[in-house]
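Asker: Pasting a structure here, questions to come.
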Amino acid sequence: MTLSRRAFIKQTAAATAASAAGVVLPGVDALAASDSLTWSKAPCRFCGTGCGVSVGVKNGKVVATQGDPQAEVNRGLNCVKGYFLSKIMYGQDRLTTPLLRMKDGKYAKDGEFAPVSWDQAFDVMADHFKRTLKEKGPTAVGMFGSGQWTVWEGYAAVKLMKAGFRSNNLDPNARHCMASAVTGFMRTFGMDEPMGCYDDIEQADTFVLWGSNMSEMHPILWTRITDRRLSTPTTRVVVLSTFEHRSFDLADQTIIFTPQSDLAILNYIANYIIRNGNVNRDFVNRHTVFKQGNADIGYGLRPDNPLQKTARNAGDPNGSQPITFDEFAKFVSKYDAAYVTKLSGVPQNKLDQLARLYADPKVKVMSFWTMGFNQHTRGTWANNMVYNLHLLTGKIATPGNSPFSLTGQPSACGTAREVGTFSHRLPADMVVTNPKHREEAEHIWKLPAGTIPDKPGYHAVLQNRMLRDGKLNAYWVQVNNNVQAAANINGEALPGYRNPQAFVVVSDVYPTVTAVAADLILPSAMWVEKEGAYGNAERRTQFWHQLVDAPAGARSDLWQLVEFSKRFKVEEVWPADLLAKKPEYRGKTLYDVLYRNGQVDRFALTETDSHYRNDEAKAFGFYIQKGLFEEYASFGRGHGHDLAPFDAYHKARGLRWPVVNGKETRWRYKEGSDPYVKTGTGWQFYGNPDGRAVIYALPYEPPPEVPDKEYPFWLATGRVLEHWHSGSMTRRVPELYRAFPNAVCFMHPDDAKAMGVRRGVEVKVMSRRGYILTRVETRGRDKPPRGLVFVPWFDSSQLINKVTLDATDPISLQTDYKKCAVKIVKV
């Protein structure tokens, strides 16, 4: 829509009035005085909160963004990153042409990047993929995707890899951030994603943050918590962390614990609830079962690592056995005050204060967590154990009572998880190991039986290892910066990308660390340069239209995936016995079979909105986004993952699934709120066959690496307010760059004094794997206790993941970036 100055000023006033924290909208006066702009809705490009923004376009360029007053999530507010969204697409080094490593006029692994046409790029790329498939088979090709893919980009990638190339070697960077949340949900409830929603914030009495600095990482949700805390004096905020950060400013109770001991604290609270008679017996008896999870499961390291060799259940980390409530009670009884205080460093009075909040039946509790739980060698367990507390007390799936896993990326839920871009998954919580699930996917996709492989492919960490080992030879990376993001860069990621046996393609908008490590770089369109859809942390699916053109030469990731599929005849990638089951596919391309299958191409160009561009639909001659979405949605409709019809999302500010008969669901599993819960049951955890949630008995186990005399400090990595992930977008926004130009090493002043270093002094942060140079910060926003340092990872000039350990949770296969041993050396 086009707003007059008067209308825009009125809208701006409404947005300002909506602020609970006095946020000022940058540039409002200048914009109000300018000529009229064309404004449209879109979800924010950054975190998983899913804020709605109004995007102002003038002369074919995004010139302004501000909070959308009609968006339920943020109610007119945006954080500082959201306010500068208009600048993320206009960095001076934007990629606009494919770049191929060449020497003497042809591709060479040790060549220099040179511009090539899209046809040349795809010719070379297709040659490597075809040769690899012919010589080594589907397990030698792979793809690393993203929780920043749009829904249809992720879905197109799933089809290309798992159906077209018949390879499950597809994984998203959400493996680094949300995999433990997924396995936690699946083990406890049999279905992924939260049962509650953001509306719980306005109904809760207590907020408990477990390893989550919401003040900086989810600031808009933090403003809602702040509003609840300040407007309702009885509300309490508890923050647990391994170091002090900005969320401590609002906290009524703060707990700093020894890394990894959150597991022991969770069991202490469960023990407290049982000992003090606060178990909701009726709820537990009717709606839960108990299991003992396998322990001593290893740390996801290479098989020759001693910690893997000695792990008793490394081969079955997800295993469990049924137990009784009494056996569970006995199991957690060992987690008494003396034992847990010794492990965690937290005094009993603080443990009891926290435990009482969970135990009190009159107190509604929201538990929030993100990377502190998920990036954890026992992250799945941590997720299971916080659910234990809510299930024991019945504080779940009702307004204000919600265990809530926060999401780091804008569509880690909507794309990575729901679409099934993980190496073991298919859409709508289906998995490749289940023959019925494979059969259903093959039916929907019109594929011959046996097309989809039955074994999970290489996950994110394993992909780097297989690249290094020469077992993954044709590899495509889209919408992520994994050479900066992966742990143990020098040991695994970089040697893998530069292995002469590997041909690596990176699609990106800027020359990131990962792009520079590739053999072929493809320039991508981003955000509102294409039509898109994201799914946020509260199950809210949101659409946007293409609002501006991408730079000449750049193409969307969807276009790249689908156009590339035209290069492959079915007989070049499928075995003869498989093709014999569908002889009518002979001579057809993967494009014909996957994307012109009578379903994806059934919506004509005339169904696109004539007020907006749609480059992909124009390129392929049909409304490809709608076709992909509707085919994908057929997986979940009628199975508890119902999505609304495509056109509904362009009209709404997002809808929370399951959407049944046009109505979204705010609280799942609860009678009267969730249409899938049968009348008279109260609660029904229908992801599990028996309709019951699982309470797990799980122990404390130590991390794989702890400080010692040689490496006396814990290292934790993470983010800061001003930058997002690897900083490839935010560091190109001048205002955000100036606000926090470079990473620093936050450390305790007494540690700095003992070492003879002062604030601003250059030091090495060194582990057994590598080191970086950075500067000491003793007065900043983050205040580690003695013996721990914190270094953000946004700075490409300080690759802190040279230092980190590539240990993972053996169930979720997610990396632990929050704890390894380092030493600090004065330069």
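Glycine residues also receive a Cβ, built from the backbone N, Cα and C atoms like all the rest.
Quick paste of what Swiss-Prot says about this protein:
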BINDING   C44, C47, C51, C79  [4Fe-4S] cluster binding site
BINDING   K81, Q148, N173, C177, 241-245, 260-262, M371, Q375, N481, 507-508, K530, D557, 717-726, N801, K818  Mo-bis(molybdopterin guanine dinucleotide) binding site
BINDING   W793  substrate binding site
DOMAIN    37-93  domain '4Fe-4S Mo/W bis-MGD-type'
SIGNAL    1-32  signal peptide
Asker: Relative to the Cα of G718 (Mo-bis(molybdopterin guanine dinucleotide) binding site), which of the binding-site residues C44, C47, C51, C79, W793 have a Cα no more than 10 Å away?
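Answerer: Cα filter at 10 Å returns W793.
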Asker: Starting from the Cβ centroid of C44, C47, C51, C79, which together make up the recorded [4Fe-4S] cluster site, report each further residue of the same chain whose Cβ lies within 8 Å of that point, ordered by sequence.
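Answerer: Not counting the recorded site residues, we get F46, T49, G50, N74, N78, K81, G82, P219, I220.
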Asker: Give the helix, strand or coil assignment DSSP yields for D508 (Mo-bis(molybdopterin guanine dinucleotide) binding site).
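Answerer: Looking at the DSSP assignment, D508 (Mo-bis(molybdopterin guanine dinucleotide) binding site) belongs to a strand.
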Asker: Report, in whole Å, the straight Cα-to-Cα distance of S726 (Mo-bis(molybdopterin guanine dinucleotide) binding site) from C51 ([4Fe-4S] cluster binding site).
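Answerer: One finds 20 Å between the Cα atoms of these residues.
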Asker: Specify the nearest of the binding-site residues H245, D508, E722, W793 to C47 ([4Fe-4S] cluster binding site), where nearness means the distance between Cα atoms.
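Answerer: Nearest by Cα distance to C47 ([4Fe-4S] cluster binding site): E722.
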Asker: Inside 10 Å of the Cβ of K81 (Mo-bis(molybdopterin guanine dinucleotide) binding site), count up the other Cβ atoms and send me the figure.
Answerer: 22
Asker: Looking only at the domain '4Fe-4S Mo/W bis-MGD-type' (37-93), how are its residues distributed among DSSP helix, strand and coil?
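Answerer: Across the domain '4Fe-4S Mo/W bis-MGD-type' (37-93), DSSP assigns the residues as follows: 7 helix, 21 strand, 29 coil.
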Asker: Considering only the binding-site residues K81, H245, S726, W793, which fall within 10 Å of C44 ([4Fe-4S] cluster binding site) when distances are taken between Cα atoms?
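Answerer: Qualifying among K81, H245, S726, W793: K81.
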Asker: Compile a sequence-ordered list of residues in the same chain as S726 (Mo-bis(molybdopterin guanine dinucleotide) binding site), six or more apart from it, whose Cβ lies below 8 A from its Cβ; state 'none' when nothing qualifies.
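Answerer: Correct list: N481, Q484, A485, T512, V513, W793, F794, S796.
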Asker: Taking every protein chain shown into account, which of the binding-site residues C51, C79, M371 has the largest tally of Cβ atoms within 10 Å of its Cβ?
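Answerer: Result of the Cβ crowding comparison: C51.
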Asker: Can you work out the mean pLDDT of the predicted model over the domain '4Fe-4S Mo/W bis-MGD-type' (37-93)?
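Answerer: Averaged over the domain '4Fe-4S Mo/W bis-MGD-type' (37-93), the predicted model reaches a pLDDT of 97.
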Asker: So if I measure Cβ to Cβ from S241 (Mo-bis(molybdopterin guanine dinucleotide) binding site) and keep only same-chain residues at least 6 apart in sequence, which ones fall under 8 Å?
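Answerer: Listed in sequence order, they are L209, G211, N213, S247, F248, I255, I256, F257, G372.
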Asker: Which chain-mates of D508 (Mo-bis(molybdopterin guanine dinucleotide) binding site) that are at least 6 residues away have a CB under 8 A from its CB, listed by sequence?
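Answerer: Set apart from D508 (Mo-bis(molybdopterin guanine dinucleotide) binding site) by at least 6 residues yet with Cβ under 8 Å, we have L95, Q478, V479, N481, T514, A515, I521, L522, P523, S524, S728.
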Asker: DSSP secondary structure for E722 (Mo-bis(molybdopterin guanine dinucleotide) binding site), reduced to helix/strand/coil, please.
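Answerer: The three-state answer is coil.
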